[in-house]
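A short worksheet on the structure shown next.
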Amino acid sequence: MKRVLIVGSGISGLACAIETAKAGNNAVLVSPYPSERAQSVMAAGGINAVVQGPDTDDSVELHIRDTLDGGCRIAGEKAVAGLCSAAPDILTWLESLGVVFTRTADGSLARRAFGGQSRKRTAYAGASTGKQIVTALVQETRKWECAGRVTRRLGLQFHSALLDDGVCAGALFYDETQKRLEALYADAVVFATGGQNRLFGKTTGSALCDGYAAGQLFLQGAKLKNLEFIQYHPTTIETPQKRMLITEGARGDGGRLYYMENGKRVYFMEEAFGEKGNLMPRDIVSKYIYDAPGQVYLDIAFLGKQKILENLREVYDLCLQYLGLDVTKESIPVAPSVHFFMGGLAVDARHRTNLRNLYAVGECASMYHGANRLGGNSLLAAVYSGRAAARDIAEADLAACKTDFSGYIRAQREALCARTATKSRFSAVYIQNDLAKIMNDDLGIVRTEEKLRDGIRNLQYYLSIVDKLKYDSEISPYQAYSLRPMLCLGLAVLTCAEARRETRGAHIRTDFPQRAEAFAACTLIDYANGAMHVSYGNEDALCL
């Protein structure tokens, strides 16, 4: 029987824990907060799957084609085929667990159109698909807890992996309750820690998804992939704390984008691309909104109050609460915002990283989406990847590691105490905030070599001083030890963006506005001897 340590308890982590238990192995599910606070609950739009019926001419082959085209043909074809082929069964499984997908009057599964898709294939549960999936997976996980196959640990912040010669034997965590570092050992470790929102400050996602795990593992030898591809969701609204998402389902149900010119509405996406212009892939819509001569609005009022309250209730409530705006009567002022990270830990089709016994799933892993993700594919990939990793672990001949890590653990405890046992007036929060400013100012939707190099120089400066700093004991230890890996991750993102001298998907370079065949591949970056190295390869052929 294998012991599997899963770091992160959103949809991908829960799916991995359930599949691990079903395979007869033991899962230890670790996270700082309950699953109900995971970013997964914020996913409103839906989940893609081909559903056969008398009213559909869809096929798995079309789903594969749309995913590859949306990703600008750099995602692995075999990996994408596996994802799309499994989608119908995943949808059936989620329904069996209690997810109540919206249905039409005749009882068939309702599907909405999402950007970049040639058919309506996005199933949804009102405007709360993510919440329903998390709820169903939590209930299923509790059954396996009762059976003794799953153990939940809350209040633990990831610190570092326990590695010896490229083999992972567990991980070190900071216990927020006990105020100490704790080691957890396992035969395999799966990271399900989400995206890199905190790198950019205000985004549509949860700041609890900060990218720290990817940054720390990068410093410990894990390769990262496709970091330059960052999806800006076209339709978000501004609030004091963050950007709030206006689901793509609003446009899938017929919502129209426009700006005002000479007192008249200009439906610019429809002028550029025809009647389906509002549902072009997200990278294209975001760029058009970015280039618009004035404020862009989303109109859904003409759909009627009944349809809005039935299908888009969350949009109605959101705009009323934060903007004081009634979307059944008024248009929504929208702007693009950082939303999803196509890049992350480099994995193969079985979600193995280049470090033995160490896996990555969900948004923290880079797979399937290429240069731009299709809406509705993220929830699908979260479930699929979690199950895929668990199945591989069940079948794999895992490398044994009997190293004594007591010396390493003691050294990390001493280093943490030394760094925070001061009354320094220096604030780690200042650098964290400046990191977000640098990433937004020098990366952004549209990029140039000059701006990217400015960002690289600024982060290199911070990295040159960060290890010399001591922090006020009043800040959390996590803030202290997470700063250097976060800076390294930001530098890696900028380095990948500077190296890719073309425009492809969500990576837009005004100084290199065309696609280049030399870059028709995924980006890999590794860290060794204090330096970062960028290379390119075929995603299906990666030997990690």
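Don't overthink the numbers, they just go from 1 along the chain as shown.
Quick reminder: no glycine exception, Cβ is built from N, Cα and C everywhere.
Residues or ranges marked as domain 'FAD-dependent oxidoreductase 2 FAD-binding' by TrEMBL: 4-379.
According to DSSP, G8 (FAD binding site) is assigned to coil rather than to any helix or strand. Neighbour list (G8 (FAD binding site), Cβ cut-off 8 Å, at least 6 residues apart, same chain): V30, S31, A38, F191, A192, T193, G194, A213, G362, C364. Look at TrEMBL and you will find 8-13, 31-46, D210, E363, 378-379 tagged as FAD binding site.
Annotation comment: TrEMBL describes H233, T247, H339, R373 as substrate binding site. The Cβ of H233 (substrate binding site) lies under 8 Å from the Cβ of T204, L245, E248, R282, S286, P336, S337, H339, F340, each on the same chain and at least six residues away in sequence.
For R282 (active site, proton acceptor), the Cβ neighbour count at a 10 Å cut-off comes to 27, with all displayed protein chains included. Taken from TrEMBL, the feature active site, proton acceptor covers R282.
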Over the domain 'FAD-dependent oxidoreductase 2 FAD-binding' (4-379), what is the model's mean pLDDT?
-> 95
Counting all other Cβ atoms within 10 Å across every protein chain shown, which of the binding-site residues R37, T247 scores highest?
-> T247
Could you tally the C-beta atoms, other than its own, that fall within 10 angstroms of the C-beta of H339 (substrate binding site)?
-> 25
Given the binding-site residues S12, S378, which one has the fewest other C-beta atoms within 10 angstroms of its C-beta?
-> S378
Listed in sequence order, the residues of the same chain lying six or more positions from R373 (substrate binding site) whose CB sits under 8 Å from its CB are G70, G71, Q231, R282, F340, M342
Counting other Cβ atoms within 10 Å of each Cβ, which of the binding-site residues Y33, V41, G45 scores lowest?
-> Y33
DSSP on Y33 (FAD binding site), three-state: which is it?
-> coil
